[in-house]
Amino acid sequence: MHLFLFSMVVVVYTLAMAGNTAMVLLIWADARLHTPMYFLLSQLSFLDIFFTSVTVPKMIAGFLFGWTSISFVGCGAQMFFFMFLGAAECLLLALMAYDRYVAICNPLRYPSLMSHQTCLFMVAASWLGGSINASVQTALTLQFPYCGSRKIAHFFCEVPSLLRLACADTAAYEQVLFVTGVVVLLLPIAFITTSYALILAAVLGMHSVEGRQKALATCSSHLTVVNLFYGPLVYTYMLPASYHSPGQDDVVSIFYTVLTPMLNPVIYSLRNKEVTGAMKKVIGKCRVGRTA
């Protein structure tokens, strides 16, 4: 069973790394993709590369060699980078919804509203928000005494799993965790929902069928990624601990740590003609180079 799980996780992790790396390189190499939307998409893939690498390599080593222990410092580092990159991706997905709103509802002002400086500011804000969230969560979680069992019922160090081991009352901190969940998860979801409500109204008013289909294709890709990423996170961090068990947490966390980073480049490439065209162009050049 361990070898089977090892093989499955290695395949999924390899596909996630290869897909996101290819997306970053493709957007960087093709001049037609040097637009705000694809710049933000490349940053999403960049985040996914590191986000999945925080937990999966350790899990792979555990399946293969039986290394199931982690130091207290290593646990804290894993928790920090997981919270940092996860929160940054939540914020970035919300800002990507704003990009789509401007492109569809205010196309004439798009170049000024989504300038290169604005895109850099969006990315910097995502990283800053993620770092602040991770610093607060990690510091508060690690200050609790862990005087009993130190066996984490999870495959990586995540806040809800560590709180179950604390030898102190964590009720006040769980309320703080809920508030940060509102800021990092529910507010971006509300922002995305509002953006897409306005987008839907604008799309329904379009007279061009081709323009309507292109807008819906681009937006549906982003919405699919949003649902795959936000859904499991809301389940883990917003629902009280009594509503889910450690086993359920393991299954749900697989979605946002392994599966979603693998599926993101697939979803965007299959639903986006520009990305598909750029990919075919690169493959064509490779074939010509081999023939020569």
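Note that Cβ sites are derived from N, Cα and C of the backbone, with glycine treated the same way.
Taken from TrEMBL, the feature domain 'G-protein coupled receptors family 1 profile' covers 19-268. According to TrEMBL, the transmembrane segment annotation covers 6-28, 49-73, 79-98, 119-136, 178-203, 215-239, 251-270.
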Folded-back contacts onto the transmembrane segment (6-28), same chain, C-beta under 8 angstroms, at least six residues removed: 34, 38-39, 41-42, 45-46, 48-49, 52-53, 56-57, 59-60, 63-64, 258-259, 261-262, 264-266, 268-269, 275, 278-279, 282
Distal contacts, the transmembrane segment (49-73) - CB-CB under 8 A, six or more residues away: 2-3, 5-6, 9-10, 13, 16-17, 20-21, 24, 81-82, 85-86, 89, 142, 155-157, 257-258, 261-262
Average pLDDT across the domain 'G-protein coupled receptors family 1 profile' (19-268), rounded to a whole number: 86
Contact call for the transmembrane segment (178-203) against the transmembrane segment (251-270), three or more Cβ pairs under 8 Å: no
Sequence-remote partners of the transmembrane segment (79-98) [C-beta within less than 8 Å, at least six residues beyond its ends]: 37, 40-41, 43-44, 47-48, 50-51, 54-55, 122-123, 125-127, 129-131, 133-135, 137-138, 141-142, 156-159, 162, 184-185, 187-189, 191-192, 195-196, 222, 225-226, 229-230, 233, 256
Recorded stretches the transmembrane segment (215-239) and the transmembrane segment (251-270) touching, at least 3 CB pairs under 8 Å: yes
